[in-house]
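These come from TrEMBL:
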type	residues	note
TRANSMEM	48-66	transmembrane segment
TRANSMEM	78-97	transmembrane segment
TRANSMEM	112-133	transmembrane segment
TRANSMEM	154-174	transmembrane segment
TRANSMEM	194-217	transmembrane segment
TRANSMEM	273-291	transmembrane segment
TRANSMEM	325-342	transmembrane segment
TRANSMEM	354-374	transmembrane segment
TRANSMEM	614-635	transmembrane segment
TRANSMEM	647-668	transmembrane segment
REGION	682-705	region 'Disordered'
COMPBIAS	683-705	compositional bias 'Basic and acidic residues'
Amino acid sequence: PGCFGYPLSIFFIVINEFCERFSYYGMRAVLVLYFKYFLQWDDNLSTAIYHTFVALCYLTPILGALIADSWLGKFKTIVYLSIVYTIGQAVISVSSINDLTDHNHNGSPDNISVHIALSMIGLILIALGTGGIKPCVSAFGGDQFDDDQEKQRTRFFSIFYLSINAGSLLSTIITPILRAQECGIHSKQRCYPLAFGVPAALMAVALVVFIAGSGMYKKVKPQGNIMIQVSKCIAFAIKNRFRHRSKQYPKREHWLDWASEKYDKRLIAQIKMVLKVLFLYIPLPMFWALFDQQGSRWTLQATTMDGNFVAIQIQPDQMQTVNPILIVIMVPVVDTVVYPLIKKCKINFTPLRKITVGMFLASLAFVAAALVQVQIDKTLPVFPAAGQSQIKIMNLGTADATVSFGSSIQNVTVMPRQSTGYMTYKTSQLQSLNIASGNKSATVRDNLIEGNRHTLGVKSTVTGLYATLLFDNVTSKPEEGNNLIRFINNFPNAVNVTMGDTSFGTVMPIFASNYRLFPGGQKHNITVQSRTSQQVMSCSVTSKALGFGSAYTIVLNECSKDGLNVTYSEDIPPNTVHMAWQIPQYFILTCAEVVFSVTGLEFSYSQAPSNMKALLQAGWLLTVAVGNIIVLIVAGASKLSEQWAEYVLFAALLLAVCIIFAIMAYFYTYVDPNEIEAQLDEEEKKEVEKKQEEYEKQAEADSQM
């Protein structure tokens, strides 16, 4: 059965691939944030586990190819491993259910190790599944065509690549939206079970669709794996060369020729071609080391940025969609516009030059990321180091207040209803604080806690001078663009405060409430109820629009006829660097991917015989795996405390590798596998003819006897 000249079975395969990629990229998009916010790991551990997982996903294809070619055949391999894969996806979505171990309903899991164990099992199953299927699905698709359908087959591979990107694009947009929802039985949380559950459901759909087409597929019997044959041949050559290492044996042209006693000329010639290409692969992992940090470091970078795009609020993990969007646009543009233009300029843009340019661009993208990081670092608050304390003075009264910290530090004067920023001092210097306001004075003897922030509230009234030293329990910027809000009560009596739907309870005069989290980019209604012996007063005001990632102390002054009078004091500045500043680095990296990734596979196929394609595909995927392992090593070994410095380090490493690759490429001579095959055919033909002649001569001689 056919449709538009394509075998009908192809449509099942393309749909299956779309669902599988949706499932994989959707899960991968939210993975780093799941580690960070749900499993409560720090940035470095999250990054490390993320890259270990990606590396595993690219190591298992070699296993998948071996199983399919030597044992089960492609169809069965895809079915069995898809089942493993679906189970893995289900396990990780169960692992992210907060209520699984949250027995006291406080919104965080009581037994985090259960969740960690489950998610690791899930990830290992997923890595086995996705990796094992990867080499089989595209090859299985190719098997469906007859030899005379070369044109359709090529078109199929483009459609196939497109379905991969469509799946990854949609899932990178959708899963972060699902993650940002609030859900949970006892306490509302970020909805990781949904974000992992939808990919799991789609994987099940992919499996059902694939099995549904079972009757239509051409199922090629397993042919035995070329990799095993190649490895045996190489091992024999090395062994044989080692046996004949003394001077008396004549040298051979190439070390592989030592296998000629046991293996035929054709196989040896083919392996030589493959090894030539694989040698060029050695520098390539460095490219992937940078490329795959989009899902880890760059996503974590986005969490410290402002994601407010006019009407919509972008989640940090959604920035990754810039890549597939640009891929879908750039691939055709580069093919139809850029390459022809370069050709017109009489420049010979060979595949190896394209790959070199790709590496250079990727290193440029990381320089761009470093520049953005430097801008972000300027907006990050400075927290006190060991042996230091920070203090902020808030004058709640109507007269100037002066605070003296002792002889060695300058006095600080604060205007009425104003506050200072945080000032950093050595903790040992801050033993006693003398306060004067109007004609009254007071002394606060309080031991400040080192490494922490404090707020000193001062208020001069008719009856005396009041001062409270508040301990500010904030040591880092609020995550995910949320804001921390607390209130200081400047009313003469206790008040009840609510903001939005959140109640802050009763706050005593000149005291502060605790900090509470509020989502970014919104305004909230602040309501105050104060009880005096005569009456209950209530007044309210709408807060100013909160930014992303800030902390404010809001001072409640009084109820006036216009409503509630409040003053804002900024404890932590909001994220001011806009997420749009990540677009340049994504754009440069996507350009790099287009010239690097697409060209790389094309080049490999053009330089090796057709029966060795699986081997090269495995080699190519191996470079991705090694690249992710490089991230682990570099990020672990470099004790760089500054993130921008790490970006620069990666850029420099890739640039160095790029130069080495350029030199290797310069000495590479292109081959045409078909010509070499034809030559071998010719030689074989001649040998057969020669044998035939000898046989005939022998026969003639025999007949004359």
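Placement of Cβ uses the backbone N, Cα and C atoms for every residue, glycine included.
Comparing 78-97, 112-133, 354-374, 614-635 for CB pairs under 8 angstroms to the transmembrane segment (194-217), the maximum falls on 78-97. Using DSSP to sort the residues of the region 'Disordered' (682-705) gives these counts of helix, strand and coil: 23 helix, 0 strand, 1 coil. Counting same-chain residues at least six beyond the ends of the transmembrane segment (154-174), those with a Cβ under 8 angstroms from any Cβ of the stretch are 6, 10, 13-15, 17-26, 29, 138, 141-142, 145, 198-199, 317-318, 320-321, 323-325, 327-328. Long-range Cβ contacts of the transmembrane segment (354-374) within its own chain (Cβ-Cβ under 8 Å, at least 6 residues beyond either end) map to 283-284, 286-287, 290-291, 297-298, 301, 577, 581-582, 584-586, 588-589, 591-597, 599-600, 603, 643-645, 647-648, 650-652, 654-655, 657-658, 661-662, 665. Counting residues 6+ beyond its ends, the transmembrane segment (325-342) has Cβ neighbours under 8 Å at 162, 165-166, 169, 349, 586-587, 590-591, 593-595, 598 in the same chain. Looking at which of 273-291, 614-635, 647-668 has the most CB pairs under 8 Å to the transmembrane segment (48-66), the answer is the stretch 614-635. Nonlocal intrachain contacts for the transmembrane segment (273-291), taken as residues 6+ away from its ends with a CB within less than 8 angstroms of a stretch CB, comprise 230, 256, 352, 355, 358-359, 362-363, 365-366, 589, 592-593, 596, 600, 603-604, 607-609, 612, 615-616, 619-620, 622-631, 634, 650-651, 653-654, 657-658, 660-661, 664-665, 668, 671, 673, 676.
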